[in-house]
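Here is the structure we will look at.
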Amino acid sequence: FKGGDTCEYLLSSGRFLGEKVWQPHSCMMHKYKNSEAKNCLIDKHIVFIGDSRIRQLFYSFIKLLNPQVKEEGNKHGNILFEDKSASIKVDFLWYPEVNGSMRQRIKSWTENSVTKPDIIVAGAATWSIKIHNGSNEALSQYKTNITSIAPLLEKLATSSDVYWVLQDPVYEDLLSESRKMITNEKIDAYNEAAVRILNSSSRNSKAKVKVFSVSKLIAQETIMRSADGLHLPESSRDTNAMILMNVYCNKIMKPIDGSCCQPQPPLTLIQKLAFCFFTLSIIGYLIINLIHRNSYRKNKSCTDLESGEEKKPAISTPNVSTLEMLLHSFCKLGLIMTYFYLCDRANLFMKENKFYTHSSFFIPIVYILVLGVFYTENTKETKVLNREQTDEWKGWMQLVILIYHISGASTFLPVYMHIRVLVAAYLFQTGYGHFSYFWIKGDFGVYRVCQVLFRLNFLVVVLCIVMDRPYQFYYFVPLVTVWFMVIYATLAICPQIVQKKANGNCLWHLGLLLKLVALLACIYFLSYSQGAFEKIFSFWPLSKCFELNGNVYEWWFRWKLDRYVVFHGMLFAFIYLALQKRQMISEGKGDPLFSSRVSNVLLFISVVSFLTYSVWASSCKNKTECNELHPSVSVVQILAFILIRNIPGYVRSVYSSFFAWFGKISLELFICQYHIWLAADTKGILVLIPGYPMFNVLVSTFIFVCVAHEISQITNDLAQIVVPKDNSTLLKRLLCVAGFFSGLLLFSAMQDRARH
């Protein structure tokens with residue numbers, strides 16, 4: 001840990017990921033769009049002063065504001081650019097040598113605050129080498145001139161951002177005869193002089209000229225692709241311009257995926273209160289634990305000297321045990337949340353951008369699939385989608401999704417479309433599982449609803465508080481929560497139709513189908529009526545839960561993307577349970593699900609359907625068009641997988657305990673990855689061990705999985721305490737929860753007012 005100033009890293013060090021993606025050391029670089037660049041630089045005056053290399057950087061910079069700009073005009077003269085819509089002025093001033101003329105221009109800025117630029121990017125040396133044929137006298141004169149300029153630049157740096165661009169190396173084999181005297185040895189000597197002289201007199205950190213040395217590293221990797229051996233290829237110049245934009249704009253725009261040059265965000269009022277709560281929980285647990293141990297020692301079983309019998313303590317403290325368990329859970333949770341905060345909010349650990357390659361995605365996929373096969377065990381029951389099988393399904397899907405996220409595979413459309421099916425499959429299980437429970441058990445009590453809502457939302461609510469993120473940010477939990485309530489409402493609304501009632505009269509089956517048809521009609525209407533959808537979720541306090549960046553469009557998009565799959569899950573559960581009740585399927589150990597002929601036909605159709613969907617997804621050319629079709633066709637591959645997995649008796653009778661273990665904590669894994677495996681809210685990768693990518697992934701993954709498992713246990717423990725079975729006690733707890741969220745809304749409103 002070398003302090004919080006990642007700007008120095010951005011300006012001086014980094015490496016290429018592949019051929020074109022630049023990765024600064026320790027931090028993430030945001031790719032600015034022209035609209036973002038304009039918002040950052042509004043009413044600003046930027047000046048590039050120097051030689052032809054600075055002119056190239058100038059053009060790359062203004063193309064971030066207006067991509068239509070062409071490099072034309074007098075190459076050895078001043079070039080002016082203005083964006084009137086944002087009142088941005090960007091000038092290039094032709095001063096190829098560090099001499100009296102350049103000094104005079106810089107001095108004029110120090111004397112006139114009106115013409116003084118907000119950003120100054122300067123640099124020159126190759127012309128001095130060329131004109132004076134690389135003589136030592138020219139180097140001495142360069143040192144003298146830059147010594148006279150340095151105090152002026154430092155004076156400007158007190159109120160403006162001043163950057164001195166070091167000279168890039170050349171590719172000597174490509175240099176023309178008139179430039180052969182420009183050698184890398186000479187360039188290094190000029191750079192060394194500039195670095196030594198600049199800031200030598202400045203003791204004030206605010207008056208420092210920022211040395212832009214990262215361009216040298218970029219040039220070392222790319223100069224061989226130069227057209228003339230002197231000037232950088234366009235992609236390298238664009239990278240330099242983007243670095244400049246990040247250095248200046250990140251602290252203003254605060255992009256999530258631009259951690260370079262961003263200060264640590266201040267603690268909010270809610271975060272401070274959360275910190276106090278967890279601190280008190282830790283202190284309280286330690287005190288209770290100490291009292292409990294002392295009490296245990298005093299009441300420890302001892303032998304009666306007269307009778308020789310053992311005496312046992314008559315004291316029972318169930319209340320203390322419950323309190324101790326509660327404090328113990330919050331104590332562990334507090335320590336875990338501290339780790340979350342340090343990983344993704346404090347500038348303590350490094351963060352890096354993702355970079356996708358086919359090998360970084362497919363090799364880990366093959367590895368975990370092979371590993372999962374080695375942990376094959378017999379299932380306790382051989383029903384379709386039994387508990388072990390659904391845990392296994394969730395587990396391998398979650399592992400694939402995690403690899404997809406850390407490898408940045410969303411940029412590869414075929415992989416993206418297949419991952420969309422995995423997310424849909426999780427929602428399919430939501431529809432199948434909750435429908436099956438309500439249909440078979442007929443339990444519509446408040447206890448069941450509260451248990452499910454608590455287990456789904458506990459971790460996300462805590463993270464919203466600790467990490468200062470809106471509820472909708474963790475989009476998957478709002479999605480499954482809303483769909484659970486939709487399933488509950490569909491089945492709980494009178495008439496309540498359950499299996500026990502339907503067995504007595506077949507007309508109840510028709511009634512349930514009518515309910516499902518009504519649900520499908522509502523889904524269809526809302527999916528094509530964005531206005532109606534947004535009105536429903538824009539009412540306060542629902543809006544506080546489902547807004548992201550001031551509107552509910554993101555929530556509508558996420559909901560619409562998999563709008564039919566929960567319905568498909570419910571319908572599948574209804575058909576399967578009806579067939580099972582009428583003994584039309586065989587679920588014995590080793591038996592095929594249907595007769596041999598029917599099983600073979602269905603298996604063939606399933607394999608063809610599965611492969612057909614994969615071929616279609618792999619041929620996708622446009623993400624928007626494919627997303628439009630996805631809600632209707634994703635069920636094809638899901639149903640095909642279920643039939644392939646369950647028709648053969650042997651396949652249905654075994655499962656992978658390796659995948660099932662991960663499946664039991666799949667929700668915690670999905671949520672925790674946001675902050676302690678990935679970084680910058682999933683936009684980058686957390687780096688605990690810099691310089692060793694594979695070792696870093698192993699260590700961060702181990703911690704990440706352990707934390708997710710621990711949080712799963714904490715959630716289960718707290719669910720037993722917070723959501724009791726006794727209705728009167730549960731009602732009191734619900735009132736407390738309502739009071740808690742009311743207070744949270746109040747503090748959130750106070751924070752929003754303070755920010756505005």
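The backbone N, Cα and C atoms fix where each Cβ goes, glycine too.
Database features (TrEMBL):
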{"type": "DOMAIN", "residues": "22-92", "note": "domain 'NXPE C-terminal'"}
{"type": "DOMAIN", "residues": "253-734", "note": "domain 'Cas1p 10 TM acyl transferase'"}
{"type": "TRANSMEM", "residues": "269-291", "note": "transmembrane segment"}
{"type": "TRANSMEM", "residues": "355-375", "note": "transmembrane segment"}
{"type": "TRANSMEM", "residues": "396-417", "note": "transmembrane segment"}
{"type": "TRANSMEM", "residues": "452-468", "note": "transmembrane segment"}
{"type": "TRANSMEM", "residues": "474-494", "note": "transmembrane segment"}
{"type": "TRANSMEM", "residues": "506-526", "note": "transmembrane segment"}
{"type": "TRANSMEM", "residues": "561-579", "note": "transmembrane segment"}
{"type": "TRANSMEM", "residues": "600-617", "note": "transmembrane segment"}
{"type": "TRANSMEM", "residues": "629-647", "note": "transmembrane segment"}
{"type": "TRANSMEM", "residues": "659-679", "note": "transmembrane segment"}
{"type": "TRANSMEM", "residues": "685-709", "note": "transmembrane segment"}
{"type": "TRANSMEM", "residues": "730-750", "note": "transmembrane segment"}
For the transmembrane segment (506-526), sequence-distant contacts whose Cβ falls under 8 Å of one of its Cβ atoms, 6 or more beyond its ends: 486, 490-491, 493, 495, 497, 532-533, 536, 563-564, 567, 570-571, 574, 578
Most Cβ pairs under 8 Å with the transmembrane segment (659-679), selected from 396-417, 452-468, 474-494, 561-579, 730-750: 396-417
Annotated stretches the transmembrane segment (629-647) and the transmembrane segment (600-617) touching (3 or more Cβ pairs under 8 Å): yes
Tertiary contacts of the transmembrane segment (396-417) (same chain, 6+ residues out, Cβ under 8 Å): 354-358, 360-361, 364-365, 368-369, 372, 423, 425-426, 617-621, 623, 626, 630, 656, 659, 662-663, 666, 669-670, 673, 677-678, 682, 685, 697
Helix, strand and coil residues within the domain 'NXPE C-terminal' (22-92) as assigned by DSSP: 22 helix, 19 strand, 30 coil
Same-chain residue ranges lying at least 6 outside the transmembrane segment (561-579) that approach it to Cβ under 8 Å: 384-385, 420, 423-425, 427-433, 435-436, 439-440, 479, 483, 486-487, 490, 499, 509, 512-513, 516, 519-520, 523, 526-527, 585, 627, 630-632, 634-635, 638-639, 642
Integer average pLDDT (0 to 100) for the domain 'NXPE C-terminal' (22-92): 91
Long-range environment of the transmembrane segment (269-291) - Cβ separation under 8 angstroms, sequence gap at least 6: 320, 323-324, 327-328, 330-331, 333-335, 337-338, 465-466, 468, 744, 747-748, 750-751, 754
